[in-house]
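Encoded as structure tokens, the structure appears first; notes follow it.
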Amino acid sequence: MSYRLSDEHEELRRTVAEFARTEVAPVIGDYYERAAFPYEIVAAMGRMGLFGLPFPEDVGGMGGDYLALCLALEELARVDSSVAITLEAAVSLGAMPIYRFGTPEQQATWLPRLCSGEALGAFGLTEPEGGSDAGATRTTARLDAGEWVINGTKSFITNSGTDITALVTVTAVTGQRPDGRPEISAIIVPAGTPGFTIGQRYSKVGWCASDTNELVFTDCRVPEANLLGERGRGYAQFLSILDEGRIAIAALAVGLAQGCVDECLRYVGQRVAFGREIGRYQAIQFKIADMAARVHTARLAYYDAAARLLAGQPFKKEAAIAKLVASHAAMDNARDATQIFGGYGFMNEYPVGRFYRDAKILEIGEGTSEIQRMVIARELGLPA
Amino acid sequence: MNIVVLVKQVPDTETERKLDPADSTVDRAASDGVINELDEYAIEEALRLKEKHGGEVTILTVGPEQATDSIRKALSMGADKAVHVCDDALAGSDALQTAYAIAQTLGTLEYDLVILGSESTDARTGVVGAALAEYLGLPQLTLANKVDVDGTSVKIQRQTDDGYQVVEATLPAVISVVEKINEPRYPSFKLIMAAKKKPVTKLSIAEAGIDADKVGLANATTQVVDFAPAPPRTAGTVVKDEGNGGVLIADFLASKKFV
């Protein structure tokens, strides 16, 4: 029983760590301040094959696995969360549904460009009046003369409005099920389709160098063949995608939590107060020890969930636990790191200030902490 | 065109590096081993030449067992195979002996070009390329910031303090590169996994044709007689601007050859 990484995974981890340190760290603060999308960094990540990590080579991927993606996300987020979430959303929300549920034609059309990072995919599930209650979809799609006609609005959609966004897969009500509940399906909408407009670009507290938009569909027509997966299975398909996405978000959160430890270890050896480096004070040491303990336990939690996923075992509960503890570790560590940095921690020019701003969304995005607890409770057999 | 790239494993410059007081050699246990940074530029240049002209890129490393990690990284970048000369008898060899060992090993390989980094971040002698060319009786093109191969000849831009010189030679030749030459690629996961299956030939000194009496600490041509840690950084010089600050800054930069 061991969570020692294989030589290949370890080398990937080291490679991405070096990339993050050398190519991302020196420049990302500037993108963040300007709330600009880092096209150059995304292109370099594409050349490294990060966008194709968990996909087989025959669809344009790297032939790796989900753990490889998670390790890359952790190492990126150790330096910056905006680039990490751009990768996470592109792979697990943009490309994965097409890989998992797409027809051979849909895969051939989209996956090579998505895997190379030349194009980004997005997934539109959340609506202005439906976040955690994802089943309350109001967007509609009706068939008319061989085309889906889509109407509705989607909220907080990552990677949906960049210059290289190729498609958004949206969930929409396509009819009524025999039991009277809405029939929800997923439909691929290529960027630039008439009737598909990018609404407001949000002003966000964190993840400022990532792309997040509101999307508006007004009589937007796409071919009937753009249905992704089975009609009426849109919601169920998406839930299965979210299950594994939670492991990826946990990895990203662990990266942020580790980044806080890295920054503090550097800082407390330099900063002097009352005549000594602050790293000599027990109050500081205990804080950092707690931070390291949170990172370690959260990392083990996501490794375990990933190991189950790779072994083909049930992982729903473990993924929810990993996401819950890792996002809390990120939030707690960001708060402690900012405290250790004092006034400098409140300045955007220091990474910990960015970590603080980036941490909160981890307790919200891709399933809130409350949703994780609901999932865990259900898996424990408690009544719905 | 077949290219051999020389790769050395060095202590990570990001960690504290030490010498072993017992024999004044590098304390390899004190820090992680990584690929010598300039060697990554050499590998990148070889891969670009291969992409343009075809052929194979072979990594050649003379070094201890743990250098395997650096060889694997070189293969992950896209090199085709590797030769690792690994023998306890090599321990403590100096630059000249290393050049000899490399030259002997190259005698067992077929190549049109040998490319290496212009120096290593540990010993920083910067002489292995020149010594190697001498042992092999081949032209040496050092400090290249640009390389072009045309048929049987190779032309480089040789970086100098003032600009560059254009140097040309016939193949085979030995080229050392500086970091301005390119931007080394990061290995993709596909190549990382493929690297595992690429052949690494391990040679003893006997198999590489290296004479045991000519290598190792006991036979070294140079000797480290003493060493001391670098003195702690002192406070800089304070210059008061009395209206001539700009001139003083320009003079300072010129003295450091920045302008």
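Every residue gets a Cβ built from N, Cα and C, even glycine.
Please treat TrEMBL annotations as automatic predictions, because they have not gone through curation.
What TrEMBL says about this protein:
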DOMAIN    A:6-118  domain 'Acyl-CoA dehydrogenase/oxidase N-terminal'
DOMAIN    A:122-220  domain 'Acyl-CoA oxidase/dehydrogenase middle'
DOMAIN    A:232-380  domain 'Acyl-CoA dehydrogenase/oxidase C-terminal'
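Across the residues of the domain 'Acyl-CoA oxidase/dehydrogenase middle' (A:122-220), the predicted structure has a mean pLDDT of 92. The domain 'Acyl-CoA dehydrogenase/oxidase N-terminal' (A:6-118): residue composition by secondary structure is 89 helix, 0 strand, 24 coil, according to DSSP. Residue counts for the domain 'Acyl-CoA dehydrogenase/oxidase C-terminal' (A:232-380) under DSSP, split into helix (H, G, I), strand (E, B) and coil, are 122 helix, 4 strand, 23 coil.
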